[in-house]
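TrEMBL has this to say about the protein:
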| type | residues | note |
| --- | --- | --- |
| DOMAIN | 197-247 | domain 'G' |
| COILED | 253-280 | coiled coil |
| DOMAIN | 408-508 | domain 'NOA1/YqeH-like C-terminal' |
Amino acid sequence: VPSLSDPSVPPSGVSCSGCGAELQCGDGGVPGFVPAESYRSLLSEGPAGLRGTVCQRCWALAHHGSALRLRLRPDEHRRVVSAALRSPPRHGRGPLLLYVLDVMELPDPVLPQLPALLGPDVPTAGLLVVGNKVDLLPADCRGHLGRLRQRVAAACARAGLRGAALVDIRLVSAKTGYGMEGLISRLQRSWKCAGDVYLLGATNSGKSTLFNTLLRSDYCKSRAPDIIDRATVSPWPGTTLNLLKFPIINPTCDRIFRRQERLKEEATKTEDQLSSEEKKYLNQLKKQGYLVGEVGRTFQQQKSSAEIDFDPDTLSYSMDENPRDLPKKHEEREFTHNEVKDARWCFDTPGIVKEDCVLNLLTEKEVKLVLPSHAIVPRTFILKPGMVLFLAALGRIDYLEGEKPAWFSVLASNLLPVHVTTLSNADTIYGKHTAQEFLKVPMGGEERIKAFPPLVPQDITLKGIGTTEAVADIKLSSAGWVAVTAHAEEELLLRAYTPKGTALLVREPPLLPYISTIRGARIPGTPAYRTKKPPSFVENLKSTGSR
């Protein structure tokens, strides 16, 4: 946006309330940019004029789902995180690290980088690993969450993270609230207010969503949500550019008691006892995830100002308008010295960019289709040798050799199409329909396809263990995975494809081994089964006998 910039105006020293980048009008390709005319207008109001404003990028992410292209390299992300972790310990104690991983991405590609990122000179007090997005995965059998937790623990052990340094592993959904009250209780019980807390994680792990949920919970000082704006939440990789923070509440005995009383009281309620507004919100969450939980507030100001959010009428500007600061009295949006002089802070950090990830090749619109935003409905197909399965145009699996049919269960965004064809037709279909609605992603016609990396193959040999249990997942980078179920001792030769430069992984054991059983009847004349969506579960409401 060169015509809107003015390099002669110095940076403000004020952070964007969406991403934490320093607000500036000098370069539209650098984080924190605000168009020069608006920037000068806000600055003319005095030192507080820019406070509460979001940068152009955050506005674009929040309202248009588009990320303005920024010159921010992966090593720049790591530099910001590393410098923050190496800062001298405050209060005489190193910080607790909350590492957020997307359970669907197991084994997490960034976990092995953690030991190097932390290093021997980082004075941490421990690591608590949070497995996020469990709400998106259907339960394939009883106890599936316990198995998921074991998978996370195994990934941590392989990355060299074990023993006293690994404080705990928790499974949550930052989006639907499942497991969040338990995480908060765990933090308050064991960590109390001993030191600062840093949220770490790969891009798209849900780290900023977790930050926002904690900000609106008993983990945060009661007045802080009215002062601190929420981190930009968007599927575009690397949306948190600098360090956002909120002050952690001191969990005194009285506060712990009052919180436990609130949780006990809420646990006695049934869904029928909720208000119409609460029911409406709960039903909305049930559509989004299989696992749902409410995150409440025990400690609130008597008179709380309206929630600060990315609202088009109050926060910044549209792409064609000028940015505006929030219409709040600036003096009301400041902490007093006494409120923060001894505060411990929870910091959000930039997402660590995943290498070899298919999302890095996609446009903003395509990323929204690929990243699941609602509970994943498994799609199962029965394939004979000589058949091919496409997941959009981002992944392909050929069943080359085998004696019997096998089951292929797709777990990916419900918006991504799956197409089954024969080996003889596969290349023609891919070449003819890639850029059309038929395969959906990537989109944009012939020019887009010419620029998109070709699919490259990898041969895979598997041996079946039974008709109800998958032997392995074929993980097609971050586009999703296919669980393969075959007759016991049956040997299969498969050839799997992902775009050049992206990671294809055979995950053994599979994440959801019994997923092929979550299906309806076979659709006559096709290789597909009817889909079946398991019911949702609400964790902190009293059961009425049915789920």
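Here the Cβ of each residue, glycine as well, is placed from N, Cα and C on the backbone.
Unlike curated entries, TrEMBL annotations are predicted automatically.
Since the structure is predicted, the reported quantities are computational estimates derived from the model, not experimental observations.
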Checking distant contacts: for the coiled coil (253-280), what same-chain residues at least six beyond its ends satisfy Cβ-Cβ under 8 A?
181, 185, 188-189, 218, 294, 296, 298-299, 538, 540-544
To what whole number does the mean pLDDT across the domain 'G' (197-247) round?
73
Per DSSP, how many helix, strand and coil residues does the domain 'NOA1/YqeH-like C-terminal' (408-508) have?
18 helix, 43 strand, 40 coil
